[in-house]
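**Student:** I am attaching a structure below and will ask some questions about it afterwards.
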Amino acid sequence: MNVLIIGSGGREHALAWKVAQDPRVQKVFVAPGNAGTAIEAKCENVAIDVLALEQLADFAENNVSLTIVGPEVPLVAGVVDLFRSRGLDCFGPTAGAAQLEGSKAFTKDFLARHKIPTADYQNFTEIEPALAYLREKGAPIVIKADGLAAGKGVIVAMTLTEAEDAVQDMLAGNAFGEAGSRVVIEEFLDGEEASFIVMVDGKNVLPMATSQDHKRVGDGDSGPNTGGMGAYSPAPVVTADVHQRVMDLVIWPTVRGMADEGNVYTGFLYAGLMIDKAGNPKVIEFNCRFGDPETQPVMLRLQSSLVLLIEAALAQALDKVEAQWDPRPSLGIVLAAGGYPGDYAKGAIIEGLDAAALLEGKIFHAGTTLQDDRVVTSGGRVLCATALGDSVGSAQKNAYALAAKVDWQGCFYRTDIGYRAIARERGEDQE
């Protein structure tokens, strides 16, 4: 069989790499893909944009029996609806169900309706009421652009001035365009974050391995938010007890609530959670797809066939399958272009990929492209160096050894990915 994967990031390279390992799969097409998917065994790039929905459907109709959607933008635009209307198998939520990521206001209202734990909040489209609410609540407080903003439309304001500036920027200054014409202001939550990703077939749920992302650009979680600078799996904060609570309090009510409201959910569902000291989860956000960079360490640990699991999901038979995981932790470090998440240069030649390929682990490509057979940078997050280890500490050591082999002008990465889990392993107190 042939499979199409829509997207061009590190997540899509990891999905393509995993799908290609299934002996039944002859060819994995990636649209539009990157340099990594261009050179990956059994993989081939197709020059179709993620929003060229009709072209994607035409290609799928003629070439593949299954399509997997990586990024959120085509999901919110209705790629799954189009594929279904043409009788094509496509794994992901419909546009209606993808509102869980496409609109933060929709999500907060949905959570409130179904009594799913989340931060207290209000939605605003006008500046004055928003500022009045800020002054009433005080800082720290969180301001979110309502629509899709590539993971960057969230400001955690530690002072009232910072909060007021963020609201002004979004509602008046048009900082995030259409995405920021409505804002959600919510209480600041204390605790530890975890990424809880499951597969959903409309009624059954299959949890994936847990993970923890590192959103801030700098060491010690400093600097602005990014799409994610690294991740590891599993997340020790999600104990067996917390796992059960998340399923009972968050995942099941979400899947049933969406179905009750006429938006039956099929696809990957990613709950971004804050876990407090007592182990109580609250929903920070939903994503209607696998996380990036979480996909990379999670796929490294998945031993089952991803294709088999997705086929089960499309047949509403997720209750009949189990996912097998490598018991060892994995960790991925994002190598980014200097200046990210702000402006950055493109077109730098990446050195050392062949040397890195000789080490244990895997380098997944994100913002890369091929130019005259050389791999060059083409995005802010460029590569993700990912490795397994007997502990998070050893996975970290292996991943950094991999990252150290690679370089280009302006390359940078955080040096502390996994620090919370490693402190836990050493028995140090978590602050």
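The backbone N, Cα and C atoms fix where each Cβ goes, and this holds for glycine too.
Checked Swiss-Prot, it gives:
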type	residues	note
DOMAIN	108-315	domain 'ATP-grasp'
BINDING	134-195	ATP binding site
BINDING	E285, N287	Mg(2+) binding site
**Student:** Just counting, how many other CB atoms are there within 10 A of the CB of D190 (ATP binding site)?
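**Tutor:** For D190 (ATP binding site), the 10 Å Cβ neighbour count is 9.
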**Student:** Hey, how far is M158 (ATP binding site) from E285 (Mg(2+) binding site), Cα to Cα, in Å?
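**Tutor:** Pair distance, Cα basis, whole Å: 20 Å.
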**Student:** Summarise the model confidence on the domain 'ATP-grasp' (108-315) as a single mean pLDDT, whole number.
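**Tutor:** Across the domain 'ATP-grasp' (108-315), the average pLDDT comes out at 92.
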**Student:** Quick one: give me the count of other CB atoms within 10 A of the CB of A166 (ATP binding site).
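**Tutor:** For A166 (ATP binding site), the count of other Cβ atoms within 10 Å is 26.
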**Student:** For E285 (Mg(2+) binding site), write down the residues of its own chain that are at least 6 apart in sequence and whose Cβ falls under 8 Å from its Cβ; none is a fine answer.
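**Tutor:** Result: E101, K104, T107, V154, A271, G272.
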**Student:** Sort out the sequence-distant neighbours of V142 (ATP binding site) for me: same chain, 6+ apart, CB within less than 8 Å of its CB, listed by position.
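**Tutor:** Expected: A119, V154, I155, V156, A157, I185, E186, E187, F188, L189.
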**Student:** Of all the binding-site residues given, namely L134, A166, R182, D190, which is spatially nearest to N287 (Mg(2+) binding site) at the Cα level?
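**Tutor:** Considering only the listed binding-site residues, the nearest one is R182.
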**Student:** When DSSP is mapped onto helix/strand/coil, what comes out for D190 (ATP binding site)?
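**Tutor:** Assignment for D190 (ATP binding site) reads coil.
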**Student:** Which state, by DSSP, holds M158 (ATP binding site): helix, strand or coil?
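**Tutor:** Reduced to three states, the DSSP call for M158 (ATP binding site) is coil.
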